[in-house]
Structures are given as C-alpha cells and as structure tokens.
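Visitor: After the structure tokens below, expect a handful of questions from me.
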Ligand code: NCD
C-alpha cells in the first residue's frame, strides 16, 4: 500500500481501480455508517494556493467520516509569511495531524513533502504539474455517467499547457485504453509534447486543432478548462488568449446524444451559463463526486478497508 498520493504517473491501472471501487463502496454506505469510520483522526489541509472545491470537499469528506480538520487556506496566515521554510512547516504540522493534504504553486512540492514526512501526503495540486485527486474524481464521474472509461473519445479544450488537471487525466486515461484524444488549444497553450509520448508508438492518436467544433462533433467527453491567468509569466500573453473558447448551448446541437461536458471548475467564461440547463452539463455533479472520492482517498491512506 502506497503511503502517499502524488502523481497519476506513479499508479498502475489496478491501483486506480482500487480507488474507484472504494468510492463506489463509500457512496453505497448510509451517511450514519460513514461517520463512524474515522473518529479522532485529524486531517491537515495545507493550502498555499487558492481553492474552493478541493479544500472544502476534502474538509467535508473528513467531517462526514467522523474525523476533524485543521489547516490554512492561504500562506499569509502562517509562519511562512515570517520566513519559515516549507519543510519546517511540514515537520511542524505533521505532529498535529494524521494525514497531510497539500496544495502549493511549486511543482514537485508534494513529492518533497512526502519524502520529508512520515505521514501520508496527498497532493491537492502542485503548480502546473499534477492534480491526482481531481483525476480520480473525474474518472469516477466518467464511469458513472457513461458506463465505462475504456475506448471513449475524449477532447480537452483550453489551457492544455498549464492545466494540471489535464496533465493528470491524460496519463490516467491512457492507462484505461483511451487511445483517441482531440486537443483544442491556442498555439501558445498546446499540450507539452511529453504527454503525447508512449512506449507503444502509434497506439495513441492525438488530434490537435484550434477548432472546438471538431471536438464537439466527435467526442464522448468534452473536458473544458480555464485559461489560468496566474500561471502566465507574461500577462500580455494571457490577454491575447483569455477568451479563445466559449462553449454555448447552441454549439452543442452538433454533439452526440450522450456527450458529457466536464470541467474541474472554477469556470471564468469558457462555458456560457446557458449550457448549465442542457442534458450535456456534467460539471456540477462532477464537483459533488469530489466528496465521495476524497472520502475514499482518506480512508485508503489512513488504512481503513471496507
Ligand atoms: C483546478 C486546479 O486547481 O487545478 N481546480 C480544481 O481543483 N477543481 C482547475 C483550475 O483552477 O482552473
């Protein structure tokens, strides 16, 4: 059993399936049973970057398992603002809790924390690198909504260069025999080449286009992303691409009947509000699945079996 959850690159397919099975078991359990599972256990939520869903769904997940939560939602409220180092912060908080959930703008920080700490460390997003708990809930949502993951055609739209949610999910989908990807991004925000490489040349097809219409017609899952202002070294570049793609209800008239539009959220304006009332909108149920998957993750990494 792995101590930490840091990157989808680390996980074999069967390990990913264990999280999905655990989440199914959690969801089937009545709330009054779930709340007996982690009494007296403490989760530390250490958020060095803004968050609504990831932090609050982790906190809700822990409370609803009967555990409790300590933590911070911004580094300004901690001794980091006084100059304390990241590793000293980890060594302090580890003596107050049983599991560390960490979000940080620096790539590789979750791995560093995992090496430093004897506690389980869960990566809640490290810069533009990885966001494995989001990927697990995305996979859970896709399987629930479409009945399977294998063989689906998946399109990613928006900021494919900096989106850690995309980087994590593509890697996981490749392990689930998803071989057909459509990538819709402005030239400056294309998916880094590295993600398209595999040990089996020719097995995976990446169709890169700047036209979202192509993705809408062909795909089973349309994974929208926000253009992430905070990741741009130069804000002039952000201004040039910020409104590149805006999905509207009308554009979806060409979609397959079962198409699901997913988004890790927050949206800025890449999905028009009129999409919310269509049968294609899957992003709010996706966010709700966050609590279930994060309960599964907390249980697994705190050694509880169901
Ligand atoms: C994403 C993130 O933080 O990477 N949000 C999330 O966790 N649901 C995506 C984003 O911020 O655009």
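The backbone N, Cα and C atoms fix where each Cβ goes, and this holds for glycine too.
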Visitor: In TrEMBL, 53, 54, 131, 134, 265, 266 are given as binding carbamoyl phosphate, so which of 103, 111, 231, 288 is in that site too?
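Guide: Among 103, 111, 231, 288, only 103 appears alongside 53, 54, 131, 134, 265, 266 as carbamoyl phosphate-binding in TrEMBL.
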Visitor: Under DSSP, is residue 103 (carbamoyl phosphate binding site) helix, strand or coil?
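Guide: In the DSSP reduction, residue 103 (carbamoyl phosphate binding site) maps to strand.
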Visitor: Give the residue from the binding-site residues 103, 131, 164, 226 that has the most other Cβ atoms within 10 Å of its Cβ, counting over every protein chain displayed.
Guide: 131
Visitor: Is any of the binding-site residues 103, 131, 266 within 10 Å of residue 226 (L-aspartate binding site) (Cα-Cα), and if so, which, in sequence order?
Guide: 266
Visitor: Which whole-number value in Å describes the distance between the Cα atoms of residue 265 (carbamoyl phosphate binding site) and residue 164 (L-aspartate binding site)?
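Guide: The separation of the Cα atoms works out to 12 Å.
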Visitor: Calculate the distance in Å between the alpha carbons (Cα) of residue 131 (carbamoyl phosphate binding site) and residue 164 (L-aspartate binding site), and round it to a whole number.
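Guide: Spelling it out, the Cα of residue 131 (carbamoyl phosphate binding site) and the Cα of residue 164 (L-aspartate binding site) are 6 Å apart.
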Visitor: Averaged over the domain 'Aspartate/ornithine carbamoyltransferase Asp/Orn-binding' (150-299), what pLDDT does the prediction give?
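Guide: Summing pLDDT over the domain 'Aspartate/ornithine carbamoyltransferase Asp/Orn-binding' (150-299) and dividing by its length gives 95.
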